[in-house]
Each structure stands twice: as structure tokens, then as C-alpha cells.
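Asker: Take this structure first; my questions come after.
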């Protein structure tokens, strides 16, 4: 009966057929007694099941268990089937049970575990592997690098390196893929010495450096700043192609040597779009905004249509340097060429408008997108939050399929910055309930939300959580906690937190200084400023807001004026609207109203609502009707500010003095200008 079946033909068919036909052949071979008694046809059926859908891994297991004799091929096929079905532990058990293992066995289990993300076990097996193979080494190395665990990849290399015989042809150190991965990792982490050692090994063992490996070496040397070595690698290549040339051009440009890059570039008769992209893209890390735009224009004039890569490069550098007009022109060009429809260019466009604070344009660019990814959606959460459109920000947040920590943090910060403290706190609690990783940004943001409503009990719970996470000494967290205690009037606890920090940075000094100021400790704030200077910390714009506020709350008029004029002369800090508002309030509180009005009118920019509200409050307190009417006339003639508090206070003050006609006129003007009064609310936190 056995002779009725052509076994070699069946084996040949099993190598290429699908599961349905393979089952029929399995039944035929089973019927005539060739399976599972004979090893070659049984192995062919086993391999067919292993290659098929993961659903057939059970069939492979059953057949394997029925086999009276097995060899390495049998075990390897079953291991492949189990990995395909996701049974990692089963595959590892089968591997451990093998009487003999060949190189394929080791490679199969190591690459299978690596693909599944079980890197530590795969690395242990690689070290256990008797003769290290290039396939297994490259799989583990590549995965380490892709996961950002580059330092662990280098540590593994140092451990297994002495075990590899570099003279053998099959050694991992002679494999171009392994070497390319190693050199690429050196480039990412700028491990110059390690990269040079890898290159030296290639020279000693006389490995031919092909285009791919050459590109990796050039990129590594350029990123590490050794342009001479990069040029030598380029000049030593047997066949210089566009990829290696692009790597060198990009390296020269990104290191600020645009002239050398152009000398290489100009030798090419008809540069491709990839070469143009390398030249323009290199201007981004070097912050050569003007050069990037000039090269972009030159490319267009040569008749080359822009792609998403070079449009994105120009938009990124324009956004970073605030080059509005060139960026808008690039946007127009991207629209004409259709490059803006690509997600890379569209994302760069949104970032460009965001960096330029053109939130409406950023929203418009987002609305025209056909596809989104997590990075773009995270950006739009921030954009909508900066526009005050938190409902749209929350809608975009809910659209994100796989929310990262950045997604959650962006939404919490958005709620906190827009006065929606309860929403920020609720979202943080939801994040905590889901067991997501909480970082210093999330902790600091929710502490800021707590301080905005003086919820000290909730804030202290968050601080307890920060201690559990080991974040209590982080400067951002500590600064937010100091702000919370000081806003809640608990200055002593704020000081204790500040004193525990070994080397406070500028942000922490400013938080403590503003804490003293807001609680009326003007002299202590000025003493802290002197201590800050003695520690070598340079006062910033924010520092002087605290200093002027401290003088204002403590009646230190002359001291405050002296610091205001010194900040520009001695520290090079240009006064902002907030500094002018502090000085205005300082003069008003001292009863020097005329001087305060003169100070406002001589400002280099238009006064904001805070300054004029302070003047109106001073007029009301001192009964200065003449000045009050002068201010009201000025407000009615020019649209100074759309802020409701200014007009409401003016109307109320005029009404209190019996000038009902003028008060009604102010209210009417609010309606005409569509200025609505925000509804009042209160919050009491009983700790």
C-alpha cells in the first residue's frame, strides 16, 4: 500500500501549498502509513503547519507529539509554530527540551523572543549560545536600539565581544548588518570611542565597507563632530553613491560648515530631491534659517518640486527662529505642490504656526488634515488649550487611540492654564486610577491646579504621591509645591521645602521670592534676592516681577522704583507690561496717582487692563473725581482693553459717586463692544 503514494512529490507539494491542500496531503500520507512513522514526510507536514496561520499551531503540536523519532528540524518547526501563535513559554520549553541544538534552533528562539519584546531573556540566551551567530546578535542589538536601550546594547556587546572569534567568516563582527547596527547606535548616542573601535575592527579584519556601512560610518563621525574622518570614509569608498554623499553633505551642513557642503553638492550635475533634502535638512540642527530658505528657493528655481521632507525642514527652522514670512511662503509652496497633504509636512506646519503663536492658523492647518497620528493630536491638544478652546482640546484628546503620558500631561496642563482646576484634578485622578506612569510634569501641573483654587489638602495628597514616586526633590515639583503653600498662606511650609533643596535653580528662587512678596514680606524678599545673587544665580524677568510685587505690597516705593530702573541698566532685563503694571500699582498704593497716570502714558506700549484698573481703584479710594472722569473719558474714546473687570470697576465707581449717567454709558459701551462680565464664583477648601 505504501508504494501507491509518491512520497517525494508529496514532500515537494507540502513546501509550497496552503493549509487546506496540506491537510489533504497529511491525510493521504497518514492513510498510507508514511506519517508519522517516516521522518522526512512528517517533517514536511510539520513545517507546512508551522508556515500556515497561527491557528494551525495546535495541529503542529499534535503531530510533533505523535512522532516516534525527531531531529533538529522537527523541533525547529514546532518552535516556529509556537512563536507564530504567541506561545512564548511553550516555544522556550520545547527549545530547552531539545537533545541537540543547531544554529538555526538558537537563532529561531532568540529572534522569536526579540520580536515579542522579551529582550532580557533573548540576551541571556545569546550569551549562552555556544557559537555566536550574526543573525541572533543583530536581532537583539537592533531591538535594543529601537527600544532606546542603547546603553544596554553596548553593555551586551562588551560582554559577548571576547567570546566571538573575529577571524571566522561567520563571526558577528564580520557581518555588515551587525556592524551597521552597532555604528548606527554609536551615532545616536554619540559614542565616538566605541564607534572608532568598531571602525578599527573593520580595517583590521579587512571587511569591505559597502554603501550602507559607509553611510553609517559617515553619519556616526559627523554626529560626533569628526568631519575629517567622515570625509576619509567617503573618499575611501570604492563606489560613491548618492546615499553616502547625502550623509556627508548633511553632516557638513548640520555642523555649520555650509561652504564645504555646497562644494560637494555643486559637483553633482543633476542633484536629486534626496540630496536637496539632505542639504536643506542639515540647516535645521545648525539653526541656519536664512540658509535653509535660500537653498529651498534655489531648489525651486532649478525646476525641482519640493517634497514633504524639505518643506518640513524649512518650516521647522522657521518656527524655531520665528521667521514668519519665509514660513508662510513655504506653506504656500507646499500647498501648490501638494506636499502639505503628507503627515510629516502637515505636522511641521502646525508646529510652525504654534511656535509663532498663530493659534488660529495652526487650528486651520489641523482642520485640513486628512490623517492624524499621536504626535499631531498631542500638539493640537496644546494648541487648542493655548487658544482657550479646552472643549476642542478635550475632543482631540479623546480621539487619541493610544494615549501616551504626553497626551495626558498636555490635557492636564491645558485645563490648569485655562482656570479649569477641577477638570485638571479629575483627569489626573483618572490617569492615576488607570495605573499610568506619572512623571514630574503631571505632578507639577496638578499641584499648580490645586494652588489656583487654594486646595491645600488635595495638593498635599499629590505631594505624598510625589514622595512615593521619588520626585519630591525634583525642582519643577518643589517649585509647584512652594507656590501652593505660599498661595494658601502657609509660608513656613514653603520655606521648609525650599531649604531642603541642595542647589536651587532660578525657578525655585523665583517661586520663593514671589511667595514672600504675595504674603507681604517685602524686606525678606529683598534679602532673598541678595542671597540669590551671592550664590551666582542671575535674576531674570520673573525675578523682578517678584521684587516689584514685594515692594508694592510692603510700601517700599523708592526701593521699588530703584529696582525697576536698575533691572535694565545693571541686569540687561527689558521691562515688560507686567513690570510696568507692578510699578503703577506701587505708585497708586502710595497715593501718587498723577505720577502713576504719567508713568502709564509714557510706557513704550499700550497699557493693559491691570494698569488702568489699578488707577481706577486708587481714584475710588482717594476720592479723586477729576482723575476718575479723565480716565473714563479716555476709555470711552479709545478701545483700551476688552477685559471686563476694567469696565465693571469703572462703572461701579461712577455709580458709587452718584454719576449714574456716566455709569450707564459705560455699561452701554460694554454691550456695544461685546464685552461680557465673567460670572463670579468662590472656592473654599477645608483642610
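The backbone N, Cα and C atoms fix where each Cβ goes, and this holds for glycine too.
According to TrEMBL, the repeat 'PPR' annotation covers 71-105, 241-275, 373-403, 404-438, 505-539, 540-575.
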Asker: For the repeat 'PPR' (71-105), what are the DSSP-based totals of helix, strand and coil residues?
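Answerer: Looking at the repeat 'PPR' (71-105) with DSSP, the answer is 27 helix, 0 strand, 8 coil.
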Asker: What parts of the chain pack near the repeat 'PPR' (71-105), using Cβ distances under 8 Å and only residues at least 6 beyond its ends?
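Answerer: For the repeat 'PPR' (71-105), the sequence-distant neighbours (Cβ-Cβ under 8 Å, at least 6 residues beyond its ends) are 39, 42-43, 46-47, 49-51, 54-57, 60-61, 64, 112-113, 115-116, 118, 121, 131, 133.
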Asker: Per DSSP, what is the residue tally for the repeat 'PPR' (404-438) in helix, strand and coil?
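Answerer: Across the repeat 'PPR' (404-438), DSSP assigns the residues as follows: 26 helix, 0 strand, 9 coil.
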Asker: I'd like the per-state residue tally for the repeat 'PPR' (241-275) from DSSP, helix first, then strand, then coil.
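Answerer: Final tally across the stretch: 24 helix, 0 strand, 11 coil.
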Asker: I'm checking region-level scores; what's the whole-number mean pLDDT for the repeat 'PPR' (404-438)?
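Answerer: Taking every residue in the repeat 'PPR' (404-438) and averaging pLDDT yields 91.
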